[in-house]
């Protein structure tokens, strides 16, 4: 295997030809994982795009490395821009929620905005038929009723299709033995196998440290502790901010990245230093002063000059208004004719226009995409 060299940022023609695609994929995977919570969101998303292109289409190494180089330049070329670590749930729809004007918001919330746009030509009969199939999928315990909890879970998954699509694109490359599961050994070998032979690589990255962090996160996502991840566990591993049981690892990794003096807390200088690059003695932008005030007045709740674990959790994963829960309650309230607190299939179909309308969504596509639900 061709070893990674000092000049990887600008490899020559011969090196480009010698590097195998699988090697570059491992590099992209390792760096993508590193920047997910440590570097800018732009770099993380750009690397993810480059990686997806590589894994899906086996693109040649030269354009892949060129794409990666552009990603790095784009992500690091604006030191005065604020780095955003706070994770907010996106709104369920860009439309106003006003049932008096129509149910477009509810349609977007129920299946996601992308699908809702493609359902404009369905007849009422076809909408009802396909909605009936969807209802059976939402009814997780198959008791013949849909509860608020089941509706909320469905809405949350419908709003996060892009995450599941991303995981699906990567799945086959990590599931080396094609058994429908991904073990830690499979993930480790695909991501780090090329680099672990050299304990002190010339590129400056500590892959042993990165691997240890990944293994810790993998174990947290692996809820049954068998060191093998199913699709949902692997999704939690790649996107821990989306899962309640992964909050601790998100906070821990964030604090490790920002806590430069290793005292287990985030002080004001570390907080600002994570967001703002002081290079070239540039004049601080106005938002830096605002963040200093935010730290003192809101982040540091106990006024001891630093953020502990709970304060960091409140900062990066705030308890926002739960749009999915509110929409689930709304749908049940509007459709529950006998007021028993749950919906039968008949009750949902009687109010089909609230969920999908007579010209709502392309359920053919939705049924395919919701098979994992």
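Every residue, even glycine, has its Cβ placed from backbone N, Cα and C.
For 126-161 (among others), the entry in TrEMBL reads domain 'EF-hand'. Within the domain 'EF-hand' (126-161), the DSSP-based counts of helix, strand and coil residues read 26 helix, 2 strand, 8 coil.
Summarising the annotation, TrEMBL assigns domain 'EF-hand' to 162-197 (among others).
Packing against the domain 'EF-hand' (209-244) from elsewhere in the chain are residues 30, 33-34, 87, 160, 163-164, 166-167, 170-171, 174, 180-185, 187-188, 191-192, 196, 250, 253, 256, 317, 372: each is 6 or more residues past its ends and has a CB under 8 Å from a CB in it. Marked as domain 'EF-hand' by TrEMBL: 209-244 (among others).
Within the domain 'EF-hand' (246-281), the DSSP-based counts of helix, strand and coil residues read 24 helix, 2 strand, 10 coil. Marked as domain 'EF-hand' by TrEMBL: 246-281 (among others).
Annotation comment: TrEMBL describes 323-358 (among others) as domain 'EF-hand'. Looking at the domain 'EF-hand' (323-358) alone, the prediction's average pLDDT is 92.
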Secondary structure tally of the domain 'EF-hand' (209-244) (DSSP, helix then strand then coil): 25 helix, 2 strand, 9 coil
Residue distribution over DSSP helix, strand and coil in the domain 'EF-hand' (323-358): 23 helix, 2 strand, 11 coil
